[in-house]
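One structure is given below, represented as structure tokens, and several questions about it will come after.
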Ligand code: UGA
């Protein structure tokens, strides 16, 4: 099929490259001309494992092209995917859907033949129905232009896998009048469906809600285990062993029960807030008040990390801190609402001398936190440090040799913000090890 993907963020580029890789002719569209020229050269302007190579390969094959022209995309495609961002509004919990609105306002009047638009972005429930009505007014082809919702569930760091081998595909359509969208979706995803992927057809509102409810559930799971970690700390229990034991219960599962610095990124934090805001608008605000607590538990992890650092060092004034990790999670260079950078920033504001290293997120970190010091390696970040903080669980940090690191620091103190280190190895190498919610004997200071 001929597909246009609107919005070349990490979701859009991944979707475009993956759709090309399963046999479609794809055009990636973005209003940012710099981004388009980078992509045309086969270069992805952010880090996502495997995506650079896949994009370059698809560009070379001619199956993937990029343009800044909506006219060109409208002439080219029969199916469109909307993949623009829906960030948190400034000073409010609600999502800012202006980028989606402007896609519809720009593209709508150009649609003069049958087409299907699939929304992929995470939106407040009711957005799709509103866009559908607007599209009817704008598109010269009128009812021959359908709008469906096909929410995205991909994780950064696993984006290609999650697109080509998703746990499920969900397509929401209007209750009346979207006969073609499901057929088109089946055709587009035929190779994905052939491998047995569940295909869920529902209405627009349910499809919008599936996505945001999934993220709210994941956020709740993380905050649940972090709340339990606080109790473990108080009771002298071990949250990692507890999570392993819980995870054997198939109703619970072990995934997303890693206690530590909590969730960040461009999705979970803003999505739970937007969900609360939308429920409030709908008069169902009581239903989601628990998400306030989920948010509060999560944000508390960041201040607690700063407090523990102060407690371990006696003060923060003039203390040298080596911070390992800046991305919101490993295998990503994304620093949007990164817990790691938040902690690094708080420590510096409270008088510590902070040196940060991340394998991929240095450039992005410098842009949003130019006043922090950045080092060129983990060793360099920890040189002379009074304490080392591991704040993003990159493989490189898990594999650090505590004996080699001991040679460069001033004090052998490590705060494992992601409970990701082999603590016995660090203790054996003479380090004071501190995890989150870990048993004091193994986390002895
Ligand atoms: C999340 C969802 O997992 C995706 O399904 C969804 O499609 C995506 O948001 C989105 O809405 O676009 P992502 O933000 O890439 O994906 O990252 P996650 O893997 O969900 O991690 C989010 C945060 O939770 C990270 O900061 C991570 O460190 C933290 N986390 C995760 C924990 O603190 N503990 C865990 O056990 C798991």
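Each Cβ is built from the backbone N, Cα and C atoms, and glycine gets one as well.
As the structure is a computational prediction, the values presented were derived from the model and not from experiment.
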Which of these, 89, 211, 367, does TrEMBL list as part of the substrate site with 153, 154, 155, 156, 256, 257, 258, 259, 260, 264, 329?
211
Let me know which member of 336, 366, 398 TrEMBL also records as binding NAD(+) at the site of 30, 35, 86, 122, 156, 270.
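Looking through 336, 366, 398, the residue TrEMBL assigns to the NAD(+) site is 336.
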DSSP helix, strand and coil counts for the domain 'UDP-glucose/GDP-mannose dehydrogenase C-terminal' (322-423)?
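So the domain 'UDP-glucose/GDP-mannose dehydrogenase C-terminal' (322-423) is made up of 33 helix, 18 strand, 51 coil.
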If H, G and I count as helix, E and B as strand, and all else as coil, what does DSSP give for residue 264 (substrate binding site)?
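DSSP assigns residue 264 (substrate binding site) to coil.
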Let me check the 10 A CB neighbour count of residue 257 (substrate binding site). How many other CB atoms are there?
20
Find the one among the binding-site residues 30, 86, 122, 270 whose C-alpha lies closest to that of residue 257 (substrate binding site).
270
Please determine which of the binding-site residues listed here (270, 336) has the lowest count of neighbouring CB atoms within 10 Å.
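Each of the binding-site residues 270, 336 was scored; lowest Cβ tally within 10 Å is 336.
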Can you go through the binding-site residues 259, 270, 336 and pick out those with a C-beta less than 6 angstroms from ligand 1?
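Once distances to ligand 1 are taken from each Cβ, none falls under 6 Å.
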Work through the binding-site residues one by one (86, 122) and point out the residue whose CB has the fewest other CB atoms within 10 angstroms.
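Minimum Cβ neighbour count within 10 Å, taken over the binding-site residues 86, 122, occurs at 86.
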